[in-house]
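Taken from TrEMBL, the feature domain 'Peptidase M28' covers 138-332. Residues or ranges marked as domain 'Endoplasmic reticulum metallopeptidase 1/1-A TM' in TrEMBL: 404-624. The feature domain 'Endoplasmic reticulum metallopeptidase 1-like C-terminal' is assigned by TrEMBL to 643-874. Look at TrEMBL and you will find 25-48, 372-393, 405-428, 440-463, 475-497, 509-531, 538-562, 582-604, 611-632 tagged as transmembrane segment.
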């Protein structure tokens, strides 16, 4: 028996079957709504506070001053590239920073005790391979606290840079921020409760050696209870909190209370710790070797300039330093004067869910609270959604409502799967069939047309087809109620994923649970206002207002991921199709952002007008990506455009092969150009530039190092794997400077199966040692670390040796080798092959005329890092 409300709803449908439908252009307005709020969330990443000027110093003596910090950064950048071991890093940068430290001491408050120490440290550690450092420099400032130095907070930056990069953002800006923090804190009239240690480390890019030297060898390190690491993987924008703890949620809670301009997402931490990002920071060293918790911050936008010559102040602003400085000053004050450091050992161990909303506010709660919250909103959203519809048609019609909920869930699931598969098809077509991958690299908006529009098309079509296939001629549900039930079906799908992710231990389930919360809130409002059965315009207004917040929430993740991972495609290697991850990320974010809006397609009078518009948008983007210069991946710097360059790392290489146990003279040598394949198109660019040389010869045709004939008999073919090698004539051998020299100091045999080889390595250069025991021989130990040495490949071991200040003391390497088997006949000689590579990247005076011509021939849309490499291959 129909209720009065049922009859009214049914009579309305009988009177005008289109009363619940929207005009055809409403679909276009819906797409415009998504674009509008998506643009808003994007712009939020670049809203920065105005920087204080030098004129503000008198008015705000205890505030962070962006202009003064900017001047420090400008002076540091004028030194040029500062790789560890270079004069710019070891002499000029040290002098500049020490001069600034002296000015701090001269102008600080008499109540403060500010100490300075220069650490020159040597050491080694083993992670994947072995990292050996010799006489690297750390500059350390400490503001002594009232607690007699029992508990300290550490702040870390690095003043070295990679070769050919001035390192303005990575990591000069962080050091400029830290120096300004010292200035401000040293002027305060009262000591902090706990000491604050500022580590300016001079060997991070080598990698991570300066931080290891400090945390394992400096007297001030033993009192550090927590650290703040300031890094960069981009240039400009806001700094992102992307790692915390681990296992110390009190640090996140402190960040939440202190910072003025928050930006942090727990999903970023999970992505980084899963190893999906090809980089590391000092955070790992402090945690692994110091066993202390911390917070890791980095600028991540505009990663195109990361580790290139374009990482300069030309693409930064004082406002960037001001925002970071404001946040760090507030956080340091809270930790240095609170109870957290003193009680850190007794704080509950666990992890927090944390996130910000467009930088407006920051939310954090425990994983236990998060799990409960996720389950509640998942079940609550389904209950409220079904209740809202059943309150109109009557509870006895629950099978009909349940069926429509199921249809909405299945249509969204099938549409999502098909859409992502379609994106994969587009990715493979662009890459393999048309050789036009990475069109979005310089024009990121193409990713929207190539990979977001098709997803929406497929989702719309699936929901439209589902409505047509399963529509009943007689039903108690009006079109409006049917759409509302199918929106609840979308909630069902997300609820399943949320609960599943929560059970699996993923904190990032909060992203979906917040979206489910907004959906439940909008449905509750509609139900309380009794708008369910009214024509679309009434309940839809409430629905769209609430989901506008959802669009801001979800589209920020699209911008965060796309703007971070697109630049990474330019340095993630040539072996995989870069369009695949971008297509998956763009597609998944589109599904997340629009899934609750997609069922509205069935309210349109002409739904295929909207679908057709999206198809046209996709076709237009596809044409631009494949047939026009817009789809060319790279951009040169210009008056109105920032560079988005292709990275070219080319090394003029000399190979020298020595006889067994011989280190004096090589029996064979050759030379060539070695290209590191950093992106999908590196090889094509290199081949074109090489062929354009006036004296090019067919014998110089590049080959993959994996396919070289000597790979069958020489260690690593004398070269790293998966690179491109162009043989060069005898006349074009590099002007080799002094190189690292390896010599066998002693050979001891305890018995027929065990031998100890001791080597001396001389020369203060960046050196890479690769070694591989012969068949039936195992490297069971070395003097770099206890335990069995780890392997980085098929029986291979890797050692990187870096120098800061020059050293006259040789590096001693001891290898314990064991012959497998028990019979004397199994004695092996030689036991091990060793490759010693010396790299010179800031020695342009050693470049040959022909190599200089090659380097200068690369297009202006490339960022070239030219080096000289000398590789010596021995057998012992």
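Backbone N, Cα and C define each Cβ position, glycine as well.
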Inset, instruction - Tally Cβ pairs under 8 Å between the transmembrane segment (582-604) and each listed stretch (25-48, 372-393, 405-428, 475-497, 509-531), then give the stretch with the top tally. - result: 405-428
Inset, instruction - Please give the sequence-distant neighbours of the transmembrane segment (509-531): residues at least 6 beyond its ends with Cβ less than 8 Å from one of its Cβ atoms. - result: 266-267, 353, 355, 370, 373-374, 377-378, 380-381, 384-385, 387-388, 391, 484, 487-488, 490-491, 494-495, 497-498, 501-502, 538-539, 542-543, 545-547, 549-550, 553-554, 557, 592, 596
Legend entry - Contacting positions for the transmembrane segment (475-497) when only residues 6+ beyond its ends and CB under 8 Å are counted: 2, 6, 9-10, 12-13, 20-21, 378-379, 381-382, 385-386, 388-389, 392-394, 397, 400-401, 404-413, 463, 467, 509, 512, 515-516, 519-520, 523, 526, 532-536, 539, 595-596, 598-600, 602-603
Inset, instruction - Any chance you could find the range in 372-393, 405-428, 538-562, 611-632 with the most Cβ pairs under 8 Å to the transmembrane segment (25-48)? - result: 538-562
Inset, instruction - Can you check how the pLDDT averages out over the domain 'Endoplasmic reticulum metallopeptidase 1-like C-terminal' (643-874)? - result: 88
